[in-house]
Amino acid sequence: MGFDPENQSISSVGQVVGDSSSGGITAEKEPLLKENHSPENYSVLAAIPPFLFPALGALLFGYEIGATSCAIMSLKSPTLSGISWYDLSSVDVGIITSGSLYGALIGSIVAFSVADIIGRRKELILAAFLYLVGAIVTVVAPVFSILIIGRVTYGMGIGLTMHAAPMYIAETAPSQIRGRMISLKEFSTVLGMVGGYGIGSLWITVISGWRYMYATILPFPVIMGTGMCWLPASPRWLLLRALQGQGNGENLQQAAIRSLCRLRGSVIADSAAEQVNEILAELSLVGEDKEATFGELFRGKCLKALTIAGGLVLFQQITGQPSVLYYAPSILQTAGFSAAADATRISILLGLLKLVMTGVSVIVIDRVGRRPLLLCGVSGMVISLFLLGSYYMFYKNVPAVAVAALLLYVGCYQLSFGPIGWLMISEIFPLKLRGRGISLAVLVNFGANALVTFAFSPLKELLGAGILFCAFGVICVVSLFFIYYIVPETKGLTLEEIEAKCL
């Protein structure tokens, strides 16, 4: 018989006491939500795989961004495309470029329905399969329509990955390095982007080079899927299933203990059961023992979490990030880079800067905290956006202003919104609504990205680049107030403590 949430109580120190005769869950009496909990023990070697294989999915996302910019140039070449339908219209190019984005939106919608049923691990296995199928279809595509099917399929893998990867990492990483691990996922995305630009530049002068660009990554989804098959399910997801009666409680608890031992290494062999009992008690205390309804997303602590997560990923996009990167080559050209100075090389330069600044964020995030990095980074973005606006309105004969503003923007974004947006959405939602909540946040992210990308050109023609960048600067100022008054500090807290203290 499964664990019965009705047949439990909270003891005087806040512990779950189940009826063992019903095959339920019992927990030892331990202090709950301690003010100063001791750091979680873990083995460094054991902590690497639960990060590495989900992060491969993020790397594949970044690679797609970099490689596609090169693939478009290859596809449009009469001599190098190797196809008869190379004469692509601007609409065709837009469909190819945004095909993965539409797929990601579909993947986010699918994740909303199935994430809490199949779990984070199986979702990442499915994402790896979609990556592989999408890449293969793209590589062999004989006609335009098949190419788009491949792009959309690959994009569905992106949507599932960007939903499940931060969740799996957040739920399996020790609290003292959780921020660093999830920020490293963003580092993987940027690394993939730089790799995509680099590999794309190698194949761009080869006939049918665009096929080789996508073929290069075929081993990675296989590695990702194999690795996720080997890794255990998230112990918190297993305990959520137990608390909500979605299986035999005792068996699920034992599976969670085994999972935790594998994720943290032999150093916690003697304390794994105790840690699982503490997590169970904390989950029960904050109301995770009742199955969530859709309406709960928009009430109480869940609404607050949705406001924080949705606001961060919305500001992540509407503060101009897609537009600034889109406009980067022309900005650098005004500073003396020739038009033939290869957009690829320019993109690699920016990608390396993004990589360095994301690395800085990874190093300091669990020491400094989320809020200080957000406030400092976004303040730098405000300055850079107003500088860009001023350049286009008043200082067009001083290209150094544009270059400095561009580099400042990219660096500050990667120090703040870039990694911390994904980190916060992975840790702020209550466990029982984490799957659905993150899927909505991912949907907002990709939707806002699409909106800003598509609206940029007409708005630039209507308002002018100077006014548009200043408008982004004003939105950035609004985001500073949002961060200061709404976004909590989660540094060093367990996921259960975040739910109890920050929501």
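Placement of Cβ uses the backbone N, Cα and C atoms for every residue, glycine included.
Pulled from Swiss-Prot:
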COMPBIAS  8-23  compositional bias 'Low complexity'
REGION    1-23  region 'Disordered'
TRANSMEM  51-73  transmembrane segment
TRANSMEM  95-115  transmembrane segment
TRANSMEM  129-149  transmembrane segment
TRANSMEM  152-172  transmembrane segment
TRANSMEM  190-210  transmembrane segment
TRANSMEM  213-233  transmembrane segment
TRANSMEM  305-325  transmembrane segment
TRANSMEM  346-366  transmembrane segment
TRANSMEM  374-394  transmembrane segment
TRANSMEM  405-425  transmembrane segment
TRANSMEM  437-457  transmembrane segment
TRANSMEM  467-487  transmembrane segment
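Contact between the transmembrane segment (190-210) and the transmembrane segment (51-73) holds: at least three of their C-beta pairs are under 8 Å, each pair 6 or more apart in sequence.
A contact links the transmembrane segment (213-233) to the transmembrane segment (51-73), because at least 3 Cβ pairs that are 6 or more residues apart lie under 8 A.
Between the transmembrane segment (51-73) and the listed ranges 95-115, 152-172, 467-487, the one holding the most Cβ pairs under 8 Å is 152-172. Tertiary neighbourhood of the transmembrane segment (129-149): same-chain residues 57, 60, 85, 88, 92, 95-96, 99, 103, 107, 155-157, 160-161, 211, 214-215, 217-218, 220-222, 224-225, selected by CB-CB distance under 8 Å and a gap of 6+ residues from either end.
Most Cβ pairs under 8 A with the transmembrane segment (437-457) among the ranges 95-115, 305-325, 405-425 are made by 305-325. Remote same-chain residues near the transmembrane segment (374-394) are listed as 319-320, 324, 331, 401-402, 404-406, 408-409, 411-413, 415-417, 420, 464-470, 472-473, 476-477, 479-480, 483-484, 487 (criterion: CB distance under 8 Å, separation of at least six residues from the stretch ends).
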